[in-house]
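Chemist: Quick one: the structure is below, questions incoming.
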Amino acid sequence: MAAYKPVVVQACPKLGEKITQDTLYWRGYKTPVQIKEFGAVSKIDFSPVPPYNYAVTASSRIHIYGRYSQEPIKTFSRFRDAAYSATYRDDGQLLVAGSEDSSIRLFDVSGRAPLRQFDGHTKPVHQVGFLSDKYRIFSGGDDYSTNLWDIPSATEIVSYSEHTDYVRCGCASKVNADVFITGSYDHTVKLFDARTKSSVMTIEHGHPVESVLLFPSGGLLVSAGGRYVKVWDVLKGGQLLVSLKNHHKTVTCLCLNSSGQRLLSGSLDRHVKIYSTTSYKVVHSFNYATSILSLALSPEDETIVVGMTNGVLNVKHRKPEERNEKSQKKRQPAYRTYVKGRTYMPKQEDFCVSKPVKRVLRKYDKLLKSFESSKALDAVLEPPIMLHTPEVTVAVMQELHRRGTLRSALAGRDEKQVNLLLTFVARRVIEPRFTPVLVTVADMITDIYQPVVGQSAIVDKQFLKLQEAIGKEIDYQEELLEVLGMMDTLFATFTEKRDTYLEENKSNGLAETMETNRND
């Protein structure tokens, strides 16, 4: 008796992910560390100076974490209600934060009690930040106002009331100490100059603005709101350069890497997209467990920190680079050890002893080997196999059809099993690699269960889905044939014109040659 040969599963080419330098770079982070906070993480800000600690704003507390610490090394909890937008100054010595009770507090990183408190807003302050001169603070609140404060005297310098809705984001220019930008839920982004009494530029984003970002050069502005990330040229009066729509839900945060060549955006769709700032195409993306509210990169791109709505802080560190130092390795066998005997030719009196290879059969192969056709089909109709490796299911169906036992394996099934079969066939019959086999299966199922049509609403619904899928595919094929006919006509026309043109050139050349010979 011949040995049983396992079912040959057709190997189809898969469209794999294109491996680029960006893919290798952004995959070079370790497994993330999860830190649980007291509430949704609304803001993450890295200190601009070593050792690059980062401030996390969540609920009514601000926690300071070290680069590798999983517990806060310092906590600011002098808030009666929620705290917002804790931001470092450029020297890393001071920290400013807004709050739900409409006040702004300034902290010394080495202390605990607030150094200054700024009162002037009438509603919660969601956005605060330092101007690049280090002695002034700008703020935006739910009272629609944008204020500028003097740190030494703790007084208000100027107040702008140009927005018509909540001011929820902002940033300051690193090039000009008087320029800062705010974004509002009134769909606008406004650029302010502290030397003037009104905004100097207004940009219409088109959606409630959740985050704004200035490039280090100060010439380009990025705004995020709705599903859009838009890049504007400030030097050209706020001209729109590109509008990106790569997220499925609201974009909540933006970030640049240390070189300014990559732009990161986080969204409520649980993804972080990474764009090239030259082509503005997505070069990589990260997937997280829940919706993302905040995002930050350390100054050396060594750490990515993401804050989520469920209060979880996700921290990824880059893997350390391999040292170039030559480590003392154990001496390996010489090359001649590996090639010894490879060129030996067997002699006539020699005989080879081969060890029998034991084959491990799959469950469906064992059932096919024992001629249990129906059970073999059941084994490949399990959800994990149908969803992830449908080619295995189709291969077993093809083997049963070759044996002539496919009809008997399909017959005698209950409502649940028929529903499972029809669901698989209706979903996969339009795939070219499966169509020849599944069309035969669909014909057999229709012939076998036609007498019971109308007795089960579930089975009838699946038959209608199968009919609809095949009908759509036929219409699609007819449209493709029409397009193919049009293309053939066009190509035939082009060929005729080209042939005529070549003939004319040949005849003209011959006439010119003859005329030249006569003149000579």
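Heads up, the Cβ atoms here are built off N, Cα and C, so glycines get one too.
Sharing the features that TrEMBL gives for it:
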{"type": "REPEAT", "residues": "76-117", "note": "repeat 'WD'"}
{"type": "REPEAT", "residues": "118-159", "note": "repeat 'WD'"}
{"type": "REPEAT", "residues": "244-285", "note": "repeat 'WD'"}
{"type": "DOMAIN", "residues": "344-490", "note": "domain 'U3 small nucleolar RNA-associated protein 15 C-terminal'"}
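Walk me through where these features lie, including what they touch and how far apart they are.
Modeler: For the repeat 'WD' (76-117), the residues of the chain that approach it from at least six positions outside its boundaries are 39, 42-43, 45-49, 55-57, 59-62, 64, 123-130, 132, 134, 137, 139, 141, 143, 149, 151, 154, judged by C-beta separation under 8 angstroms.
Residues 82, 84-85, 87, 89-91, 94, 96-106, 165-178, 180, 182, 184, 190, 192, 194, 197 of the same chain lie 6 or more positions beyond the ends of the repeat 'WD' (118-159) yet place their CB under 8 Å from a CB of it.
Panel annotation: around the repeat 'WD' (244-285), residues 20, 22-23, 25-26, 210-213, 215-217, 222, 224-231, 291-297, 299-301, 306, 309 of the same chain, lying at least six beyond its termini, place a Cβ under 8 Å from a Cβ of the stretch.
Averaged across the domain 'U3 small nucleolar RNA-associated protein 15 C-terminal' (344-490), pLDDT in this predicted model comes to 88.
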Chemist: Using DSSP, break the repeat 'WD' (76-117) down into helix, strand and coil residues and give each count.
Modeler: 0 helix, 23 strand, 19 coil
Chemist: With DSSP helix as H/G/I and strand as E/B, how many residues of the repeat 'WD' (244-285) fall in helix, strand and coil?
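Modeler: Split by secondary structure, the repeat 'WD' (244-285) comes out as 0 helix, 23 strand, 19 coil.
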Chemist: Summarise the repeat 'WD' (118-159) as counts of helix, strand and coil residues per DSSP.
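Modeler: In the repeat 'WD' (118-159), the DSSP-based counts are 0 helix, 24 strand, 18 coil.
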